[in-house]
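Working notes, beginning with the structure itself.
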Amino acid sequence: MGTNTAQGSQSQNSSIESSKGTPIGNKESGRYCWVCFASEEEDREAAWVQPCNCRGTTKWVHQTCLQRWVDEKQKGGNMTKVTCPQCQTEYIIIFPNMGMLVLILDSVDSFIYKGCPFMAAGIVVGAVYWSAVTYGAITVMQVIGQKEGLAIMEQADPLILLIGLPAIPVALLLGKLIRWEDALLNFMRKNINKIPIIRSIPPFRFDIATTTRPESSTENDLPPLTSPVSATRVLCGALLLPTISTFFGKFLFDSVKSNFHRTVLGGLAFIALKGCLKIYHKQQNYIRQCRRKILDYTESNISTYVRNNRRQND
């Protein structure tokens, strides 16, 4: 009995010692790749790497999985720095030495990659500049006359031509941005009571302030004076102005012998006519907006509304 008891106690002590001497790493679960979530048991031949300061299950990753992930982050650029998404540690990425020729080609490729945006911008600016020069030359011949325009440009200094010709479309665009119709319309609205002659103009015969809005309404309740600026409309209107001026000049002032004077008079006539029509149209829309009402939802109003829509569509 004593011998058996001693043997049992020895076996228990040896098992306790063996359990105490077991390394902690053996108790931990196997390695797991944080990219593909595969364990070490699923692919025993895969190469593992610990590229950062993470601890726990996120510190291990397959070499191939990490290579694909780095490729996605670098997007073809080998010099882009890549960091761990958890601990933000920069990965230590090394490349084999491929020789001096490869280094030179890499430098040339990097220089071209960085310089192409500036080169493209220069090409676009150059194309716009020479287009402006061509447009300016055509405008000069159109306004003054083909023979006279060619003679003036041949006698002029080249530097003046390189600066003056592209300035023509720029000046037309800047002039188009001056909305003198809105300023004149605003002046006429504010001084309609001070200057009685304004009431003789058809769109200003109605007293909007007293007949169209309630007394409690303010100026903020009225429709806006100006409409939003359309870039395409400004561009087309500015660049077509010389052609339209030439047409109006030949149609209205054919008796004027000078091509330049005839075109200028035609341009002024076109601008004045267009401005008057624009003022009339804006004032009419202004009156229409001020007289707008919202009706009750009744059968009679619905039938009237439907009938009016049918008339407008027909």
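Every residue number used here counts from 1 along the chain in the order it is shown.
Including glycine, each Cβ sits where the backbone N, Cα and C put it.
Annotated features in TrEMBL:
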- 7-19: compositional bias 'Low complexity' (COMPBIAS)
- 25-94: domain 'RING-CH-type' (DOMAIN)
- 33-88: domain 'RING-type' (DOMAIN)
- 1-23: region 'Disordered' (REGION)
- 91-112: transmembrane segment (TRANSMEM)
- 118-138: transmembrane segment (TRANSMEM)
- 159-178: transmembrane segment (TRANSMEM)
- 231-253: transmembrane segment (TRANSMEM)
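Sequence-distant neighbours of the transmembrane segment (118-138) (same chain, 6+ residues past either end, Cβ-Cβ under 8 Å): 149, 153, 161-162, 164-170, 239. Note on the domain 'RING-CH-type' (25-94): DSSP counts are 18 helix, 8 strand, 44 coil. Restricting the average to the domain 'RING-type' (33-88) gives a pLDDT of 82.
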